[in-house]
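Now, the feature entries from Swiss-Prot:
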- 97-132: domain 'EF-hand 3' (DOMAIN)
- 116: Ca(2+) binding site (BINDING)
- 147-182: domain 'EF-hand 4' (DOMAIN)
- 192: site 'Interaction with GRK1' (SITE)
């Protein structure tokens, strides 16, 4: 499943990535060359991923969020991402289809990987998101969601859960699709992320 360490992206991986993402062959090949230059082993570590993420958010602390994003895409749990996992991470966090993004968001919020989400896991991810919001932007948030605790509480109430309840993937996806307010609360301003990536 991994990539060859030569300078060419395998035809199978290229076709699979084109099919599953919005990226062109030219973009993928160019990114692959850059990826190999920065990661000659053909794999990116969590620390390297966090460094790349930090470039997009120089005025905040994206380390915790980047760590959770990395975990959610490290499908074989080897502590690295190959090029395919890396591109899918980029795609899902910027332009994936809504259902795919929600499946990914569930895996992001399912911190312990047990197949359900607890209120504490929601709080952990929301705290990581808040570290990426500038103090000026936090001041613009409504009073009932201007701290991680308030936002986590608001999300949990939208799902109609008690503090010690768990949320399944099905409930998470259906609840989010049925309520645009939940979608807004669980994500980190994807439009700003897209703009930063385009200008990088």
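Backbone N, Cα and C atoms are what each Cβ position is placed from, and that goes for glycine too.
Cβ neighbour count for residue 116 (Ca(2+) binding site) (all protein chains, 10 Å cutoff from its Cβ): 17.
According to DSSP, residue 116 (Ca(2+) binding site) is assigned to a strand segment. Across the domain 'EF-hand 4' (147-182), the prediction's mean pLDDT works out to 93. Each residue in the domain 'EF-hand 4' (147-182) gets a DSSP state, and the totals come to 24 helix, 3 strand, 9 coil.
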